[in-house]
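Enquirer: Found this in Swiss-Prot, in case it helps:
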DOMAIN    9-131  domain 'MsrB'
BINDING   48, 51, 97, 100  Zn(2+) binding site
ACT_SITE  120  active site, nucleophile
């Protein structure tokens, strides 16, 4: 596994915009249908906004209709971790970057095949790295 990224609160505040900071460091949730990647269709890799760890591939992205980017699998399961989230009187499974502990979103058991999972991820927790389409001439 990649070495843990640990920063002070002041360092996180200096490198992230307000929404990125609130989402990743304080588990806030951006409004649905508002994030830059909920309706994004380019080919590439979505990385952690805090530490650049590769998290999700565009090939695993699907339109769940929920207003947040949704993926049926993580790019590398070792790069994300899950924990029980009991906030707001609900029991959900929170998804966190395993390298820097950034809050990413939640995972639900209502996704498509082949996994049946829906990683519902805040755009504010992600950066996108485009990769060339190998099928193009």
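From the backbone N, Cα and C atoms, a Cβ is placed for every residue, glycine too.
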Enquirer: Could you tell me the C-alpha distance between residue 48 (Zn(2+) binding site) and residue 120 (active site, nucleophile) in angstrom, no decimals?
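Expert: Distance between the two Cα atoms comes out at 14 Å.
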Enquirer: Can you tell me how many other Cβ atoms are located within 10 Å of the Cβ belonging to the residue listed as 'active site, nucleophile'?
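Expert: By my count, 23.
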Enquirer: Measuring Cα to Cα, how many angstrom lie between residue 100 (Zn(2+) binding site) and residue 120 (active site, nucleophile)?
Expert: 19
Enquirer: Let me know the model's mean pLDDT on the domain 'MsrB' (9-131).
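Expert: Summing pLDDT over the domain 'MsrB' (9-131) and dividing by its length gives 97.
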Enquirer: Express the distance between the Cα positions of residue 120 (active site, nucleophile) and residue 51 (Zn(2+) binding site) as a whole number of Å.
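Expert: Cα of residue 120 (active site, nucleophile) to Cα of residue 51 (Zn(2+) binding site) measures 19 Å after rounding.
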